[in-house]
Amino acid sequence: MSLTIFISLATILFSFAEAISVDLNDTSSVDLATSLVADGLLNYYAGQHKGGTIGMFLPPAYWWEAGAAWNGLLNRYIATGNSTYNELVKTSMLYQSGEDSDYMPSNYTTSEGNDDQAFWGLTVISAAEANFSNPAADEPQWLELAQAVFNQQVTRWDTDHCNGGLRWQITEFNSGYNYKNTVSNGAFFQLAARLARFTDNDTYAEWANVAYDWSQRIGFIQEDYTVFDGSSIKDNCSSIEITQWTYNIGLYMAGAAYMYNYTNSTVWKTRVEGFANKTAKTFFFKDIMFEPVCEIALSCNYDQTSFKGFLTRFMVYTAQMAPFTAPLLEPLLISTAKAAAGACCGGYDGVTCGVQWWWNNDTWDGLYGLGEQMSALEAIQAPLLLKSLQVFKASNGGSSTGDPNAGLYTAPVSFANKNFENLRKHWMLLGFFLLVPTLVLY
């Protein structure tokens, strides 16, 4: 929808609504504030409407955005202890995992990108790390689902073009198939890093290193930790699209923090510090987060309004995994949370959230949608989440069970390439004889 529609009228009608008031140090206050925002978010939930799909939101919301939204509601539970939406979150994550429990559901497979699948993978690894209520024994488990996403994406690692990297799109018929973008590779990197920490398995860490090194070598990650958007294989990734988005740097920053936590390496510590400093310098105006590419010009599209929410989430993960970043990141999260709450004073309900938090004057900008609600939810709960989040792993109480072979038996024919063989050999080197001797192609 147009981001300029209704702005003037809305400003006149709703500019005097009272903004959401929240004491960020009080759990009950944050619970109340985020319940208002979460209720607004669920106004866009398709599953509550006749004929709607479980786990999906109303058009024009994208499938990947639904996965990210459930992660936000999961984080609300972790921060506040309020379990109101837990069953909905759990049901949605399982239903959308698809017929083969790999986040390739038949309704979306032909239009799905690697970034789309990866965001669902990040949601289920979040569930595993939080010790979220485990599915029944006859259902796929959170860790298993994350492993399925990882394994399938390894089979798509494309060394024939640009000497590595994931393409944006999975199928060649989709626009963007010839583009290797940062969000796909950054999400894969973070997922690998988190799986390494949760399972204490170096195979995942090795793939995290591969993804990071390739991203750096190709120019997605610059020497000063600027993170650009991607590149086309048509010129062998020699020309970089230099757009900078909040969620791209967040993906790499949090992934680097997980790798630091897993390895205690000074190399990863330096990288985390670099990303954190670049984030603070690039994406904050007077200590309040904003999206420079589109926010000032009011040109953010429907999903771009959600990107800031992911950066706040990833800042929390970063400060958790690499506590030396907390003195820099926590004050930014606090000031952003206050400003985001102040921007939730619009619409007919008086608590609809806008985009331009940097106004910081308890005024709604007239913009609304799923992305606005998602971002505000993540921002408002972030300071409390930082204090509440306990990131489990298998060795310290993480109860989710996995399957290192998940997702491989169901990989489409197009995945049965040299990378599939590379993955098989990689696991076998660690003593996992995971694949059947003969891969039957239909």
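Using N, Cα and C of the backbone, Cβ positions are placed for all residues, glycine too.
What Swiss-Prot says about this protein:
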- 1-19: signal peptide (SIGNAL)
- Asn25: N-linked glycosylation site (CARBOHYD)
- Asn82: N-linked glycosylation site (CARBOHYD)
- Asn107: N-linked glycosylation site (CARBOHYD)
- Asn131: N-linked glycosylation site (CARBOHYD)
- Asn201: N-linked glycosylation site (CARBOHYD)
- Asn236: N-linked glycosylation site (CARBOHYD)
- Asn261: N-linked glycosylation site (CARBOHYD)
- Asn264: N-linked glycosylation site (CARBOHYD)
- Asn277: N-linked glycosylation site (CARBOHYD)
- Asn361: N-linked glycosylation site (CARBOHYD)
For Asn25 (N-linked glycosylation site) and Asn82 (N-linked glycosylation site), what Cα-Cα distance in Å is obtained after rounding to a whole number?
16
Given the glycosylation sites Asn261, Asn361, and counting only Cβ atoms in the protein chains shown, which has the most within 10 Å of its Cβ?
Asn261
Quick note, Asn277 (N-linked glycosylation site) and Asn261 (N-linked glycosylation site): C-alpha atoms separated, nearest Å, by 18
Three-class DSSP assignment, Asn277 (N-linked glycosylation site), comes back as helix
Measure from the Cα of Asn361 (N-linked glycosylation site) to the Cα of every one of the glycosylation sites Asn82, Asn107, Asn131, Asn264, then give the nearest.
Asn82
Between the C-alpha atoms of Asn264 (N-linked glycosylation site) and Asn131 (N-linked glycosylation site), the distance in angstrom, to the nearest integer, is 24
Under DSSP, is Asn361 (N-linked glycosylation site) part of a helix or a strand, or is it coil?
coil
Note: among glycosylation sites Asn107, Asn201, Asn264, Asn277, least Cβ-dense neighbourhood at 10 Å is Asn264
I'd like to know which of the glycosylation sites Asn25, Asn82, Asn131, Asn236 has the most other Cβ atoms within 10 Å of its Cβ.
Asn82
What three-state class does DSSP give Asn201 (N-linked glycosylation site)?
coil
Argmin Cα dist to Asn131 (N-linked glycosylation site) over the glycosylation sites Asn82, Asn107, Asn201, Asn236 returns Asn82
